[in-house]
Ligand SMILES: Nc1nc(=O)c2c([nH]1)NC[C@@H]1CN(c3ccc(C(=O)N[C@@H](CCC(=O)O)C(=O)O)cc3)CN21
Ligand SMILES: CC(C)C(=O)C(=O)O
Ligand SMILES: [Mg+2]
């Protein structure tokens, strides 16, 4: 299993880091079999698995529930768990209790937090407590209300400068990596050059140290529309719906179950059964 020190080395030798989200036992097994370096139990689960409009409805208990299932499916892959909305803002003490629960109760290896500014001291405290922290800058979906939608971030020079400074602060605070979401490629390249920890991009172009995408997006599974930065490798949805339709039609038309799906009783047992009923 690769871990934080390996990710640093991968950046040094320009070996790209592959991160993919997973939310349950089968998706985690598939991610591990598919050879990803890092599994992210993303709070995007609120949207792609639980059907909420944003990630802000996701709770710590939701994350723990799903991270436990992911761990059971991927025992030999580095697992990062998102800290959900408002579980790392109230105080350093509350933040440590919540990060501790995510790690202790699930067997995951690291936590991820969105933002810089007042979050920097939380990154430092969690790291000092011995829990690796992945930062998350650029488009931070838990702040969708303040950002006014899922929009590209750091487009003007001033915002870009702030983001580069934030990345440096995350590194100084002890973050082992930074997820950088939805920023212009030129800024992403500059951020990656400005720090020695790996930058894992999503909608950040190719000149970063790794990529992360959402499981449901790359598979075309249950998602209607995907963001511009997604490469959809398949659209499994039609296959799944067709399978369900075929099952429903088989039942209605008495085509299922067939003999091979059916259990039978031995002749002598039937005799006793019928005898007993007489
Ligand atoms: N299925 C899914 N995939 C994701 O990558 C994802 C989630 N859900 N939920 C949590 C966040 C939200 N994310 C999103 C969602 C939408 C856009 C989006 O539509 N962006 C516009 C850019 C608009 C602009 O130009 O400013 C796009 O067209 O891609 C981006 C990130 C990323 N995360
Ligand atoms: C989109 C990724 C980076 C994420 O934070 C999530 O899946 O929740
Ligand atoms: Mg997230």
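Backbone N, Cα and C atoms are what each Cβ position is placed from, and that goes for glycine too.
Copied over from TrEMBL, here are the features:
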BINDING   43, 44, 82, 112  3-methyl-2-oxobutanoate binding site
BINDING   43, 82, 114  Mg(2+) binding site
ACT_SITE  181  active site, proton acceptor
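Sequence features, as recorded in TrEMBL, placed on the structure.
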residue	record	Cβ neighbours (10 Å)
43	3-methyl-2-oxobutanoate binding site	28
44	3-methyl-2-oxobutanoate binding site	21
82	3-methyl-2-oxobutanoate binding site	29
112	3-methyl-2-oxobutanoate binding site	24
114	Mg(2+) binding site	23
181	active site, proton acceptor	24
In sequence order, those recorded positions of 112, 114, 181 whose CB lies under 6 Å from ligand 3: none
Listed in sequence order, residues not in 43, 82, 114 with Cβ within 8 Å of the centre of the Mg(2+) site Cβ atoms: 42, 44, 55, 58, 83, 84, 85, 112, 113, 136, 141, 142
Rounded to the nearest Å - Cα separation of residue 181 (active site, proton acceptor) and residue 114 (Mg(2+) binding site): 10
Distance [Cα-Cα, Å, rounded] between residue 114 (Mg(2+) binding site) and residue 82 (3-methyl-2-oxobutanoate binding site): 9
Neighbourhood of ligand 2 - binding-site residues from 44, 82, 114 with Cβ under 6 Å: 44, 82
Residues among the binding-site residues 43, 44, 112, 114 that border ligand 1 - Cβ under 6 angstroms, in sequence order: 44
